[in-house]
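**Student:** I am attaching a structure below and will ask some questions about it afterwards.
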Amino acid sequence: MLRLHGIMGRADDRAYARQLHALEHRGGIELLFVPPADAGRKRFRLTTDRGTDCAVSLDRDEELVDGALLHLDADRAIIVRFGEQQVWRLKARDDASALKLGWHAGNLHWRVRFEGDHLVVLLDAPIDTYRARIRPLLDAGEVVERDHV
Amino acid sequence: MSRLALTRADEPMTAARVGIGGPVGSGKTALVERLIPALQTRGIDIAVITNDLVTAEDAERVRRSGLIDPERVSAVEAGACPHTVIREDPTLNIEAADELERRFPGVELILLESGGDNLASTFSRDLTDFWMFVIDVAGGDDIPRKRGPGVIRADLLVINKVDLAPHVGVDLGRMQREATEVRGGRPVLLTNCRRGEGIEAIVDLLEREVLFRK
Ligand SMILES: Nc1nc2c(ncn2[C@@H]2O[C@H](COP(=O)(O)OP(=O)(O)OP(=O)(O)O)[C@@H](O)[C@H]2O)c(=O)[nH]1
Ligand SMILES: [Mg+2]
């Protein structure tokens, strides 16, 4: 459990830009998805997209916002997102295709999770912008889209 | 700001505020009376606020129970619409909670019982960090299917008076299943507040979700 109290600022504050950018390249950005119905809460327990169990409290007069920065250290930042994480589940046709898909996902700095033999991409932008990056693999049937939720 | 100390986790904490709502007579006060000793046994510092229509009946009942220092029990008069003071304008309750925190620094959890209402009553997030909705078996096993906002949105649904199930022809397993289903898998717990059964599971949940003890 990571105990967090209060909002440090917003992820788009210029003061944090350099540090957040550096963390992004090292996969150190974790998103905490807060369902809209829970956005007004001052104490809650939620798990980030990377699996960190967060126990969050705010001052009574503090308002949670989309993009709030809750934690920042040398290895990771935790940022609030309102709503639910959109994911895109992919499966490779064979080992060779899987290597290619893994190479692309890494190069593109996609945030991913592994579920058995599926690669689950955590989406931060419309899905078509992701599709476009691996279009040849999809068209050749080397990578198959399982679902998108 | 130091680059290494970019977190505010050392700030002073305020008490977790936990709401208890539900229809008239479902067992809200009975649950409060069970939760008090269960929380105290685990060393949790608590206070209570009750909302009654025009009297302080529930507050008096809890004060006289001998379970808790009567000073730690505050009464808010809700007027004719009990949901108004927990949802549309919770100022009176917020003030009562602030006041308890001032008088008892170190209080970790404030239980807030709403006046008995209907299935549509919900708590404002400005007032509570976590709230439960208490229904009882005798109200009928079709209550979850009616999808009242209280049943659907509460952080925890408590189905009380399970001892009455055989007498009113309620299939408990089915009632709990259906309740879990309409709530999209969020917690549903069964209690018998008359005998004090099922209380520990509620305390476990509170310890995890709002007290952050485990
Ligand atoms: N059989 C049975 N009776 C219960 C149980 N819990 C509460 N009761 C009884 O139900 C009645 C109502 O209980 P209360 O705790 O006063 O209910 P409440 O929800 O606080 O009622 P209001 O505040 O008036 O809305 C009392 O007679 C209790 O003894 C239970 O688990 N089983
Ligand atoms: Mg009562």
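Placed from the backbone N, Cα and C atoms, the Cβ positions cover glycine too.
Residues or ranges marked as GTP binding site in Swiss-Prot: B:GLY22, B:PRO23, B:VAL24, B:GLY25, B:SER26, B:GLY27, B:LYS28, B:THR29.
For the listed features, I'd like the structural context: burial, neighbours, distances.
**Tutor:** For B:GLY27 (GTP binding site), the Cβ neighbour count at a 10 Å cut-off comes to 25, with all displayed protein chains included.
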**Student:** Test of understanding: give the count of other CB atoms lying within 10 angstroms of the CB of B:GLY25 (GTP binding site).
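**Tutor:** For B:GLY25 (GTP binding site), the 10 Å Cβ neighbour count is 13.
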**Student:** Anything from the binding-site residues B:PRO23, B:VAL24, B:GLY25, B:THR29 with its Cβ under 6 A from ligand 2? List those in sequence order.
**Tutor:** B:THR29
**Student:** Any same-chain residues 6+ apart from B:VAL24 (GTP binding site) with CB under 8 Å of its CB? Would you list them in sequence order, or say none?
**Tutor:** B:GLY116, B:ASP117
**Student:** Around the GTP site formed by B:GLY22, B:PRO23, B:VAL24, B:GLY25, B:SER26, B:GLY27, B:LYS28, B:THR29, which additional residues qualify by having Cβ within 8 Å of the site's Cβ center?
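**Tutor:** So the extra residues in range turn out to be B:GLY116, B:VAL134, B:ASP136, B:ASN160.
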**Student:** Going by DSSP, is B:PRO23 (GTP binding site) sitting in a helix, a strand, or coil?
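**Tutor:** The three-state answer is strand.
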**Student:** Of B:PRO23, B:GLY25, B:SER26, B:GLY27, B:LYS28, the binding-site residues listed, which put a C-beta under 6 Å from ligand 1? Please answer none if none do.
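**Tutor:** Listed by sequence, the hits are B:GLY25, B:SER26, B:GLY27, B:LYS28.
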**Student:** Return the residue, from the listed binding-site residues B:GLY22, B:PRO23, with the maximum count of other C-beta atoms within 10 angstroms of its C-beta.
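**Tutor:** That would be B:GLY22, with the most Cβ atoms nearby.
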